[in-house]
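Asker: If you scroll down you'll find the structure; I have some questions about it.
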Amino acid sequence: MHDIRLIREDPAAFDAAIARRGAESASSRLLALDERRRAIATELQAAQTRRNEASKAIGQAKAQKDEATASALMAEVAALKERMPALEAEGAEVEAALDAALAAIPNLPAADVPDGADEQDNAEQHRWGTPPAFAFEAREHADFAGPLGLDFEAAAAISGARFAVLKGGIARLQRALGAFMLDRQTAAGFTEVIPPLLVRDEAVFGTGQLPKFAEDLFRTTDGRWLIPTAEVSLTNLVREQIVAEAELPMKMTALTPCFRSEAGAAGRDTRGLIRQHQFEKVELVAITTPEQSDAVHEAMTKAAEAILEALGLPYRRVLLCTGDMGFTARKTFDLEVWLPGQGCYREISSVSNCGDFQARRMNARYRPAGESKGTRFVHTLNGSGLAVGRTLVAVLENYQQADGSVTIPEALVPYMGGIAELRPA
């Protein structure tokens with residue numbers, strides 16, 4: 001959500017910023033609604049004031065036996081009482097239209113975000129690790145993980161496409177990955193949370209998935225939404241809250257199932273675990289002040305990178321361009337892991353600084369130190385630390401052996417009960 005006051009102050013700058021996101025000029029439409037809203041509010045306030053004055057004057061006129069004046073004032077009060085509900089209704093309608101228009105516009109990009117249309121225009125920041133060299137032709141995980149316990153056919157029979165059943169060693173490996181990630185992130189200062197998986201409209205609106213991306217979500221018959229990411233539940237913990245500056249930054253992590261319809265991804269990544277309707281992810285969320293925001297963003301990104309490095313998985317960090325960023329983000333770093341079977345880097349984490357965009361939608365504020373009354377909107381940040389299923393894919397492909405077995409990364413062996421290798425059944 002955007003601050004209409006800032007748009008009033010510099011409409012040209014606002015239009016220039018959203019143009020970088022590929023959005024059409026909006027300031028004229030927004031300011032017209034804002035002007036009408038304020039005019040109605042002014043007229044309503046004047047009507048209320050005049051009604052009170054006239055009501056008081058009626059008593060005075062009657063006390064003076066001036067029935068003509070009293071009658072005229074009574075007629076005026078009656079007209080005002082009839083007019084005011086119409087003004088209130090019109091004001092509510094205009095305000096709703098303004099709020100809806102503001103809610104449909106993406107966040108403004110930070111100054112250092114590169115302009116661009118899509119992922120081809122993203123800016124690589126750095127790389128870590130060297131892609132493994134195999135003495136055999138590397139395969140995609142879907143081509144060799146079946147004998148390890150990965151079963152797409154059984155899942156399809158139960159649930160349809162884009163689901164998987166994991167059994168035996170590969171199921172244990174996924175569980176180990178999630179536990180390993182949680183342990184690392186809590187050691188990095190994130191508080192573990194077990195949040196709800198079903199949320200209300202207000203929660204999904206607050207983090208920006210509604211109303212624009214409803215088709216990408218699953219909704220229950222009673223009107224709740226399955227979370228597409230724990231970002232929704234964690235970030236909404238501060239909705240309608242005022243926290244003390246001393247409590248910031250608040251850093252939270254959660255391992256949850258996530259659910260996405262992938263309506264906009266038809267035909268993409270139809271094989272394997274890369275794009276599923278149901279998957280597990282360790283989410284990182286931070287609530288902080290504007291002054292700390294950039295530093296927290298960097299620290300969160302490094303916390304995600306540390307998982308990849310501990311697992312020995314080659315990756316690169318890219319700064320997303322304006323055309324590839326998510327709706328709520330003002331700046332996003334993607335971490336892309338090397339997948340030998342595909343011969344390319346694929347996204348495994350996206351860490352975003354949303355500024356006060358989500359906070360305005362949620363009315364999430366903090367009270368600066370030393371102030372007893374004033375409040376400011378918090379900044380919210382979120383990222384994957386990491387996507388468990390995609391990390392499983394990366395481990396399978398980077399540690400695959402010619403005989404179809406998979407070596408367990410050293411850091412995971414304790415989480416596997418000492419098992420150092422997965423072998424085909």
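Each Cβ is built from the backbone N, Cα and C atoms, and glycine gets one as well.
What Swiss-Prot records for T229, A230, E231, E283, S384 is L-serine binding site, and it gives sequence analysis as the kind of evidence. Taken from Swiss-Prot, the feature ATP binding site covers R260, S261, E262, E347, I348, S349, S350.
Could you place the listed features in the three-dimensional structure?
Answerer: Neighbour density for E283 (L-serine binding site): within 10 A of its CB lie 28 other CB atoms from the protein chains shown.
Note: E347 (ATP binding site) has non-local neighbours D334, L335, E336, R390, i.e. same-chain residues 6+ apart with C-beta under 8 A of its own C-beta. The DSSP secondary structure for E347 (ATP binding site) is strand.
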Asker: For T229, S261, S349, S350, S384, listed as binding-site residues, tell me which one has the smallest number of other Cβ atoms within 10 Å.
Answerer: S261
Asker: I'd like to know which of the binding-site residues E231, E262 has the most other Cβ atoms within 10 Å of its Cβ.
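Answerer: Counting Cβ neighbours within 10 Å, the top one is E231.
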Asker: Just how spread out is the L-serine site if you go by the largest Cα to Cα distance in Å among T229, A230, E231, E283, S384?
Answerer: 9
Asker: Which one is it, among the binding-site residues S261, E262, S349, that lies nearest to A230 (L-serine binding site) by Cα separation?
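Answerer: The answer is S349.
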Asker: CA-CA, which of the binding-site residues T229, E283, S384 lies nearest I348 (ATP binding site)?
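Answerer: The smallest Cα gap between I348 (ATP binding site) and any of the binding-site residues is with S384.
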